[in-house]
Amino acid sequence: MVSKRLPVLFLDDIVLLPGMVVPVELDEPAQAAVDAARTSAGSELLIAPRLEDRYASHGVVATVQQVGKARGGTPAAVLRTGVRARIGGGVTGPGAALWVEVEPVAAGEPSETARELAAAYKKLVVSVLQRREAWQVIDSVSAIDDPGDLADTAGWAPYLTNDRKRELLETPDVEARLRLLIEWTGDFLAESEVSDKIEHDVRENVEKRNREYLLREQLKAIRKELGEDEAEGNDDYRARVEAADLPDAVREAALREVGKLERAGDQNPEAGWIRTWLDTVLDLPWNVRTDDNTDLAAARAVLDADHHGLDEVKDRIVEYLGVRARRESRGLTTVGGRGSGAVILLAGPPGVGKTSLGESVARTLGRKFVRVALGGVRDEAEIRGHRRTYVGALPGRIVRAIRESGSMNPVVLLDEVDKVGSDYRGDPAAALLEVLDPAQNHTFRDHYLDLDLDLSDVLFIATANVLDTIPQALFDRMELISIDGYTESDKVAIARDFLVPRQLERAALSEGEVTVTEDALREIAANYTREAGVRSFERLLAKAFRKAALGDLPVSVDAGDLKELIGRPRFTPESSERTAVPGVSTGLAVTGMGGDVLYIEASLLPGDKGGLSVTGQLGDVMKESAQIALSYVRAHAEELGISPEQLDHPIHLHVPAGAVPKDGPSAGVTMTTALVSLLLGRNVRAEVGMTGEVSLTGRVLPIGGVKQKLLAAQRAGLTEVYLPQRNEPDLDDVPADVLEALTVHIVADVREILSTALEPVSAGLVAAA
Ligand SMILES: Nc1ncnc2c1ncn2[C@@H]1O[C@H](COP(=O)(O)OP(=O)(O)OP(=O)(O)O)[C@@H](O)[C@H]1O
């Protein structure tokens, strides 16, 4: 292209490329250039950048489109830029403007390479524009075909510095210009992807935090408005969980829940139970263990200090603790089944001190003590808890016990395992089995807690009144220690040494203000109570002290004062009254309350058809015993001196309600004796009690519970008892003072009883005759 002379306008720090329309404010030199263009150059002028006082080698030829005033009154012009031009030397020209020699650059036919480069560049530019969501610009850029024109649209690119724009201006070669642009735009795109990501992340974080902050502030405001305590804020839980001494797995689970709480806030219907759950977790003594006192001599001393007598029981407990301590010190895990790894089962009637022995064991070891009452538990969830999703869910009793104890190695008394039932709500015994099984209980899972709880350091002690209702699998895990009951002198000693001092204290009396004589104690034991243990005894003492404290102090309570303090004796020897007619015999039985006497009554009914009816709360085995007794009597009637007509009448056998005996065959001798007494019309001697199974041939077979039965016989004031021969060894367990008070007849055949236990002749019958 031919060169021409044009007025020139240098723009400071602005780079214009071809194809732009720009308004320019006109200072004096600019005004001169524009004026010169309009008057002397066909409205054309050259515009070139001056960057930091450096003049560019190229500029653009522009036409003045319009002149006027900008806002504020400054003169301004609108310029449209055209082709690129090389700047030659300065020349003189009309007016105040500078004139230069310019050499416009011709736009040739684009090369193939230029087209390819242009296509690549277009893609990059579109990407950039897409990021900025500049959809209209994308359209106009896409419409540009010529590679050189496309390259010059970079004049608008805000990401290009003026230096780069000037370089573009000074690069007339289209391919070279596109290469530069591709490089720079590519760099920009890569950078902006990274920074976008960073920016995005940062923004998201900030937003989330802002959002949470805002929500929490709102929450606080709402709480305040509702008058709710701020203390139950969620952040509290995070701090508490972080501060608590928890095993890692537990902390993790707890923090997960805290997270849920924080995210969901109070609007979440689950918030309530998440809190309750967290409270439970935080309340559990995860890492708390008390140190065991393993001094066995001291252990025995503690047991002795807490309980009178029970020597054998204490021996067994100390032995058990010894074995346990040894196993633990050798790192042996206790193994299920019988043996010293098993759980102690303290079995015996109420009030013999099972619970207080359990407490004593805890004291002995220096452990915490908790009692878990199992009586009447039918629902598995009582033991293992309800799943959290269950409305009003709670942890089970085991978890509650651990929480209550405040340590992971307490003594837990499982009270009344014999009264655990099972029904459609699952089998609590199975859950207990898992609790007691050393192979499983280090990862006990309560449904509510839903975390592994290590119960392997817990010392479980079970108690039961009777053995036969304990689920077999559970019983197999236990080491049985029986406490059968106390003799009268035991009770007097327990009262003197333990119950009296304790009840005095409870009545706020000091020692010596009220004293009780041995005779008074003996009188209470004998005639005011008839129990295997000392529970009523203790209650009566409490009553006596309350009354005595109202009168003048100090006072000594003797046997004669009892009537006034606690009323008339409740039990008088009743055997003589009950057996005052033929057909009543005194048996010895074991009930849920320990040993007891029971009276079996037989009577002849009018009618001429034989047969037997049996009443009373009797089990099948007892009913069979009655049949056997009758069959025996029929078969031996002649020998026994019973007239055959007597046996034509129906017979009614009755065991009066009262203490319900356990089902079993041990009333056989008593039933037989009652029948014979009835049919012969001879009373059974009042001082006699008996127990034993009878076979059809009259053999007396052994029975259980000898000690409990003899204790009961003594309590009831009996002086003679009949026992099966094969039970003779059991007499070793019977306290000496009981044996002294009783004459024990050892018998092998029921005839030995029948020949000595009946009165010679019934007074009633003599009168009737
Ligand atoms: N040998 C004993 N020496 C001292 N006190 C005793 C003795 N036996 C029982 N007692 C006291 O008798 C009371 C009743 O005992 P405890 O409650 O332990 O009986 P229990 O056998 O657990 O009865 P239950 O089966 O009803 O739970 C307690 O106050 C206990 O201290």
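Using the three backbone atoms N, Cα and C, a Cβ is placed for every residue, glycine included.
Listed in TrEMBL:
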- 6-189: domain 'Lon N-terminal' (DOMAIN)
- G348, P349, P350, G351, V352, G353, K354, T355: ATP binding site (BINDING)
- 579-760: domain 'Lon proteolytic' (DOMAIN)
- S666: active site (ACT_SITE)
- K709: active site (ACT_SITE)
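Separation of the C-alpha atoms of S666 (active site) and P350 (ATP binding site): 22 Å, rounded to the nearest whole number. Classification of T355 (ATP binding site) by DSSP places it within a helix. For the domain 'Lon proteolytic' (579-760), the model's average pLDDT works out to 90. Checked against K709 (active site) by C-alpha proximity, the binding-site residues G348, P350, G353 yield G348 as the nearest. Secondary structure at G348 (ATP binding site), as computed by DSSP, is coil. Residues distinguished by a CB atom under 6 angstroms from ligand 1 are absent from the recorded positions P349, S666, K709. The secondary structure of S666 (active site), as reduced to three states from DSSP, is helical. Taking the centroid of the Cβ atoms of G348, P349, P350, G351, V352, G353, K354, T355 as the ATP site, the other same-chain residues with Cβ within 8 Å of it are L346, T463, N465, I483, A532, G533, R535. Each of the recorded positions K354, K709 was scored by the number of other CB atoms within 10 Å of its CB, and the largest score is that of K709. Of the listed binding-site residues, namely G348, P349, P350, G351, G353, the sparsest Cβ surroundings within 10 Å are found at P350. Neighbour density for V352 (ATP binding site): within 10 A of its CB lie 29 other CB atoms from the protein chains shown. K709 (active site) carries a helical DSSP state (H, G or I). Under 8 Å, Cβ to Cβ, and six or more positions away along its own chain, T355 (ATP binding site) finds R371, L413, D415, T463. There are 29 other CB atoms within 10 A of the CB of S666 (active site), with all protein chains counted.
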